[in-house]
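Trainee: Structure incoming, see below.
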C-alpha cells in the first residue's frame, strides 16, 4: 500500500512492511498537552497509522505548522509484538523522548514511552488496554476488612488515576464504535436518486370546465343549495255554497280573535247589571249609551293587521226596562275564581 506525499517536491511512498500486523485490542495513545489529558487515540484496528497535517491522507491529523503533510508512521510488528515508529523524512523531525529519529528507519517504541512530532507541544504516550481486574492486596491486615469493598468495586481499579484512565479509554472506545457504525451504515445504505418525471411544463389542448354555470346558462349558480320537496295537495271541494261557508268561517275566526271577552268576559252578569248593562255581542256592553268592548288585559300578539271596527256615534235608543231599585243598590264586583292547575273538583267536606 502506498501513502501520500510528504513536504517538498519529492513524493516518497510509504510501503507497508511485510512484518506489519494487527495490534492487540486496547492499544492506544494518550495525547497530553502540559499536564492535561486531551484525548485517547485507539490504534488497534489497522497494521499502521499515519500522522501529519493532511487530513485526507493521514489517520491522525497534527494541526501544527512545524509538522509535514505526512510526518511519520506507526507500525505494529506481528512477530516481535512491538510497536515501531518510522519518520517519513519530515522537515522538523520525529522525537522519541528527546531523541530525534533517523528518516525511514524503524524505531521500537516501548510501552509508556512518549513521542512528539516537530515543534508541537503535544506528547503521545503509548498505552496498553487498562486492567479492569483489581490489583492484588498486599499484607494480611488488608485481606479481612477490604475484601467486601473490593467486591463492591465490581472490577474497577482502586486508585483514582487508574479509574480516570479507564473512563477515558471507554469514552474513546465508544466514540470510535459510534463513528464506525455511522460510516458502515452510510456505505451500506445508498440513497436512491430522485427521478424527476415531470420536469417540464406542458399545456393540455382540452379545456377543462371547472364552473359549468359560467358556460351553460341553464345551469344555476346556486344549484347545490336548492332543495326539492314534494307536498301532497288535498282535493278541493266542488264549488258551491259549502266552499264559501268554509272560507267565511275561517275569516270570522281571525276577525273575532282580537275582540275576545277579556278577563271578565266569561262571568255571568249580576242581578243589578242584568237590566242596566246588558252584554252585547262578542263581549260588548252598553256603557253610557254607547256599545264599547271590554278591554283585554292580556291580549295575544297577532302579526296580521287588524282593522278596527267603526263605532256608531248615534246609536239607536236601547229599549231597556228602567229599574229604580238597581240604581239605589251599591254595585258589587265579581271576581273569577282562580283555578289551580291539576286540581280536581272535590265535593264540600261540610255536611
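Every residue, even glycine, has its Cβ placed from backbone N, Cα and C.
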Trainee: Could you let me know which of 94, 161, 181 shows up in Swiss-Prot as phosphothreonine?
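Mentor: Candidates were 94, 161, 181; Swiss-Prot attaches phosphothreonine to 161.
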Trainee: Out of 66, 199, 272, 276, which residue gets the phosphoserine annotation in Swiss-Prot?
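Mentor: 199, according to Swiss-Prot.
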Trainee: Candidates are 178, 251; I want to know which one Swiss-Prot annotates as phosphoserine.
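Mentor: Residue annotated phosphoserine in Swiss-Prot: 178.
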Trainee: Roughly where does the region 'Involved in PP-1 binding' (200-203) sit in mean pLDDT, to the nearest integer?
Mentor: 74
